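So Swiss-Prot says this about it:
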{"type": "BINDING", "residues": "TYR29, GLY30, LEU31, TYR32, LYS33, LYS51, LYS55, TYR74", "note": "acyl-CoA binding site"}
{"type": "DOMAIN", "residues": "2-87", "note": "domain 'ACB'"}
Amino acid sequence: MVSQLFEEKAKAVNELPTKPSTDELLELYGLYKQATVGDNDKEKPGIFNMKDRYKWEAWEDLKGKSQEDAEKEYIAYVDNLIAKYSS
């Protein structure tokens, strides 16, 4: 189960004044999924479904990382994005 701070940071991402880059969003996605679900056990999307494939890869890259560590990294990453895009 994720912490209240994690949930607050997940909401804060949507309130950034500037949309993060695609790479930043993929990093967030992977960390979010690893923190909330754990290791990726989904089938890799087909080659013609690039958006879902990139998201799958971002999550797959974190396989083996504990949900707690992923949550901590997600919170720190969001804090960095807030500092970057709110100044």
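A Cβ is built for glycine as well, from the same backbone N, Cα and C atoms used for every other residue.
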If you count other CB atoms within 10 A of each CB, which of TYR29, TYR32, TYR74 wins among these binding-site residues?
TYR74
Looking only at GLY30, LEU31, LYS33, LYS51, LYS55, the binding-site residues on record, which one has the least crowded Cβ, with the fewest other Cβ atoms within 10 Å?
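Counting other Cβ atoms within 10 Å of each of the binding-site residues GLY30, LEU31, LYS33, LYS51, LYS55 gives the minimum at LYS51.
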According to DSSP, folded down to helix, strand and coil, what is LYS33 (acyl-CoA binding site)?
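Helix, per DSSP.
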